[in-house]
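To keep things clear, I will list the structure first and then write my remarks on it.
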Amino acid sequence: MKKIVIGITGASGIRYALRMIDVLKREYDLCVIYTRAASLVMMDEEGVDVNSIKKRYSDVSFYDESDFNCKYASGSQKPEAVIICPCSAATLSSVANGLSSNLLERICDVALKEGIKLILVFRETPLNLIHVENMKRVIMAGGIILPACPGFYNKPKSVEDMVDFVVAKTLNRIGIDNNLLKPWKCNNKS
C-alpha cells in the first residue's frame with residue numbers, strides 16, 4: 001500500500017485536508033501530522049476536535065507536531081508524497097528556511113533532502129514579498145507550491161465542489177488519478 005503524509009497547519013481551510021483524507025484513506029496508508037494551531041482552527045471551522053477526527057479516521061495514523069516518534073522523521077522511511085494542506089505562512093517560512101523545530105517541519109526537510117514529492121497547499125492571501133520569496137526557495141529546493149485557488153470553469157454548485165477542485169489538483173500533481181474534477185472542455189469551434 002502506498003504511503004502518503006498529510007500535514008495540517010493552522011491556516012484556514014481544514015476542510016481541504018479532511019476531504020483529502022476521505023478520498024485517500026481506502027487505498028493509501030495515511031500518516032497525518034497536525035499542529036497545535038490546526039487543532040484550534042479545526043474546532044473553529046469544522047466544530048470538531050482532533051480526538052473526534054482520530055475516531056472518524058481510526059485506520060489513519062495521527063501525530064501531534066511535537067511527537068517525533070514517527071517513522072517519516074527519518075530519511076530511511078519514505079512516503080510517496082508529503083502534502084501540507086492547508087499550509088500556513090509560518091510553515092512555508094520554516095520549510096523555505098530549512099527549519100526542523102517540529103515533526104511537520106522535519107518531515108518536509110526530509111522530503112526535500114530525499115527527493116520525495118512535497119506539495120504545500122498555500123491558503124493565505126494576499127501575498128507579501130516574503131511569502132513570494134519563501135515560495136521561490138521551496139520551489140528551488142524541489143517542492144511544489146499549489147495555492148488553494150478553486151477554478152470556476154466547472155461551474156461549482158457548492159463549497160464541496162470548490163474543495164474538490166483543490167483536492168483534485170493536488171492529487172493530480174502527485175500522479176493520483178481521481179474523479180473529483182471534470183476536465184475543462186474548450187467551447188472553441190475552430
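Glycine too: its Cβ is placed from the backbone N, Cα and C atoms.
Reduced to three states, the DSSP call for Ser88 (FMN binding site) is coil. Taking all protein chains in view, 23 other C-beta atoms sit within 10 angstroms of the C-beta of Ser88 (FMN binding site). Sequence annotations record features per position, and here TrEMBL assigns FMN binding site to Gly10, Ala11, Ser12, Thr35, Ser88, Ala89, Ala90, Thr91, Arg123.
In the three-state DSSP scheme, Lys169 (dimethylallyl phosphate binding site) falls into the helix class. Cβ neighbours within 10 Å of Lys169 (dimethylallyl phosphate binding site), excluding its own Cβ and spanning all shown chains: 20. Sequence annotations record features per position, and here TrEMBL assigns dimethylallyl phosphate binding site to Tyr153, Lys169.
The feature domain 'Flavoprotein' is assigned by TrEMBL to 2-172.
In this record, FMN is bound by Gly10, Ala11, Ser12, Thr35, Ser88, Ala89, Ala90, Thr91, Arg123; the longest C-alpha to C-alpha distance in that set is 15 Å. Ranking the binding-site residues Gly10, Ala90, Arg123 by how many other Cβ atoms lie within 10 angstroms of each Cβ puts Ala90 at the bottom. For the binding-site residues given as Ser12, Tyr153, the lowest number of other CB atoms within 10 Å of the residue's CB is seen at Tyr153. Cα to Cα, Ala90 (FMN binding site) and Lys169 (dimethylallyl phosphate binding site) are separated by 23 Å. Sequence-ordered, the extra residues of this chain that approach the FMN site, with Cβ no more than 8 Å from the Cβ center of Gly10, Ala11, Ser12, Thr35, Ser88, Ala89, Ala90, Thr91, Arg123, are Thr9, Ala37, Ala38, Pro86, Cys87, Leu92, Glu124.
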